[in-house]
Structure formats: C-alpha cells, structure tokens
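Listed in TrEMBL:
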| type | residues | note |
| --- | --- | --- |
| ACT_SITE | Cys113 | active site |
| ACT_SITE | His246 | active site |
| ACT_SITE | Asn276 | active site |
| DOMAIN | 107-184 | domain 'Beta-ketoacyl-[acyl-carrier-protein] synthase III N-terminal' |
| DOMAIN | 231-318 | domain 'Beta-ketoacyl-[acyl-carrier-protein] synthase III C-terminal' |
| REGION | 247-251 | region 'ACP-binding' |
Amino acid sequence: MAYSRILGTGSYLPPTVLSNAMLAERIDTSDEWIVSRTGIRARHIADEQETTSDLACKAAQAALADAGVAADEIDLIVVATTTPDMVFPSTACLLQEKLGVHGCAAFDVQAVCAGFMYALITANNYIKSGMAKKALVVGAEVMSRILDWQDRRTCVLFGDGAGAVVLGESDEPGILHAKLAADGRYKDILNTPAQIADGKIQGMPYLHMDGPAVFKFAVKALSDIAEKTLGEAGMSKDQVDWLVPHQANLRIIESTAKHLGLPMERVVVTLPEQGNTSAASIPLALDVAVRDGRIQRGQTVMLEGIGGGFAWGAVLLTF
Ligand code: ACO
C-alpha cells in the first residue's frame, strides 16, 4: 500500500495587522490583559473584498510552488474552513476555479479548529486507497467576519489567514498515525448558531464561547489524545522533534507540551503575531517552521488541536 507524505507547504496572511493597542482604542481591553491571558499580541485581518477562497488560493499556490507540483497535477482538493465564502458551492470548488484547474474531486471539511487535521487524514486515506495521487489540503479562515467586535471576550482572540500542504503518494511513510475525536455534547460552549431560513439569518451570527469551560476541556482532551496517538504508534515523546499545535491560547499550548514532557523549544508558536486562525492555524505554523528551517526533512512532527463541536485530534508524521 502507498503512503502519503507532505511534498510542500505554503501559507498566506492578509497584510492588515490589528494590534492589541489598536483594539484597546475601540473596546474596553488592554494589551496587558490580552497578552497575559492568551499570549496574543496582534492578528491579521482580511480586507472587506477578500474571501476565504482568496486566502486559500494564495496559500495553495505557495504550497504548490514549494512542492514543485503544477495545479493540474492535483486530483483532490480538501479545504477545512468554518467561514466558507457561501453556503454552497464549497470553498474547495471555488478554490479549484481560482487555481484554473477543473475536474478533480473537491470538497470542504468542517471541524472548526480541528478541521485541518480532519482534512489531512481524509486526503491521506484517499491517497493510501489509491483514489488520489496528489492532494491539496488547505485550512483557511476569515474569522473576523463571524466576530462581534464589541464582545471583548471573543474578538481579541481570533485572526484571518490560510495554510496549505501538497500531500502526495510516497514509498516512504509520511503520515504515521492519527486519532480524531468529537463530542457533540459540548456544542453549547463554543459555537456560531446562526442558520439561514426563510430568506433571513436566524439566530446569533457571531462566535460565542464560554472561555473558561473551553480552556478546561481543551487542556485535558489535547493531552489525552496526544498521549494516545503516541502510544498507538508505538512511539515515545523523545522521538517527537516538533509539536505543531493549534494556536488558541499560549497557556493551553504550554500545558499540553508540559503534559507530553516536551520543552517549549520543540513547540512551534505563531500565536503572538497571528492570534487564533481556527482551521488555518496548524498549517500556518507548520509552514512558518518549515520555511525558517526549524522543521527539516525526516523529522517527526506531531500536529494537535481542538475546536468547536467539540472536535479534536492529533497527527504524527515524518516530514
Ligand atoms: N479584556 C479585558 N477584560 C476581559 C477581556 C478582554 N479582552 N475578556 C474578558 N475580560 C474580563 C471578563 O469580562 C471578566 O471580567 P468580570 O470578572 O468582571 O466579568 C474577566 O476578564 C475574566 O474573564 P474570564 O472569561 O474568566 O477570563 P479567563 O481568565 O478565563 O480568560 C480566555 C479568558 C482567554 C478566553 C480563556 O478562558 C481562554 O483562553 N479560554 C480558551 C479559549 C480557547 O482556547 N478558545 C479557542 C479554542 S477552540 C477554537 O479555537 C475555536
């Protein structure tokens, strides 16, 4: 059976930066509060005209260039997003059109901040089963569109961006092992409950979060799933060169790393400059660490993250 391996990575951040100080001019918050509770200092915000598929396209083009793969060689596109351009068609179909290719399978995956891992494992299984040879896997979000900018409990936490990988058939193992999980009983502590009905938006169209409840759940779920993934793969934490976590809160990242016994020097953190970009945060962090030379070919990387649903997971791979 073929394996799948990451052939290239790419990412894109919209140029507009919103600092904590700028936020503090608009709402009752402070740089000190945001940094001490979350680790976030700034976030990138998409322009009004920029959509999720625009950000996805730029990240995808960077990943294709890095992999040396032409867009028309891709036979599967999977986009993880919580903020699709429209109800339908899928953002993956819109991305396909923007890339100027036609015909390959394309669909979206919705698992909020865990979405990129769900998308990656879906593409991995397509490749392992022979249904695809080269897949584009993208996490892209314009979280700024679903935030209530008057709600200081949520609007300071999120940012916009996109990250992508090209996953290809390989004789050598790339994706080693993964565990995905979900528990819909926790739907009320993190959600955006709006729906379209009768030609109107019904219900709250902004992100709602019970921060302390999410914090408590996330720390335990992430530690457990990271440990189980390692155990099932027959590997120890000493074999993990890099942890690339979902970037939601520095304290959650630090406590998961501590639980795994990994020093923070082996953890990729992009949160201070990017905030929480939901499904985009893991591929964004991966691309940053690949491009600055920290993550090298042949090294073992663990991805892990959690988001609304709740949905969470961990992926072990050889880069
Ligand atoms: N600036 C100043 N004060 C604030 C702000 C702000 N931006 N936000 C909240 N406060 C106030 C609250 O109003 C409250 O004041 P009160 O006691 O007078 O009512 C006080 O600060 C404490 O509020 P808490 O919500 O209890 O603050 P906490 O210490 O729990 O920190 C935080 C909040 C940062 C959201 C934390 O709970 C957290 O990080 N939770 C996890 C969030 C997370 O990881 N979300 C993403 C995961 S899933 C995904 O990525 C979609």
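Backbone N, Cα and C define each Cβ position, glycine as well.
Keep in mind that what you see is a predicted model, and the values were worked out from it rather than measured.
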Alpha-carbon distance [Asn276 (active site); Cys113 (active site)] in Å:
9
Three states by DSSP: which one describes Asn276 (active site)?
strand
According to DSSP, how is the region 'ACP-binding' (247-251) divided among helix, strand and coil residues?
2 helix, 0 strand, 3 coil
Measuring CB to CB from His246 (active site), give everything in the same chain under 8 Å that is also at least six residues away in sequence.
Cys113, Ala114, Asn276, Ser281, Ile282, Glu304, Gly305, Ile306, Gly307
Is His246 (active site) helix, strand or coil when read with DSSP?
coil
Take the domain 'Beta-ketoacyl-[acyl-carrier-protein] synthase III C-terminal' (231-318) and average the pLDDT across it for me.
97
Among all the protein chains here, how many other CB atoms are within 10 A of the CB of Asn276 (active site)?
23
Is it possible to list how many residues within the domain 'Beta-ketoacyl-[acyl-carrier-protein] synthase III N-terminal' (107-184) are helical, extended or coil according to DSSP?
26 helix, 32 strand, 20 coil
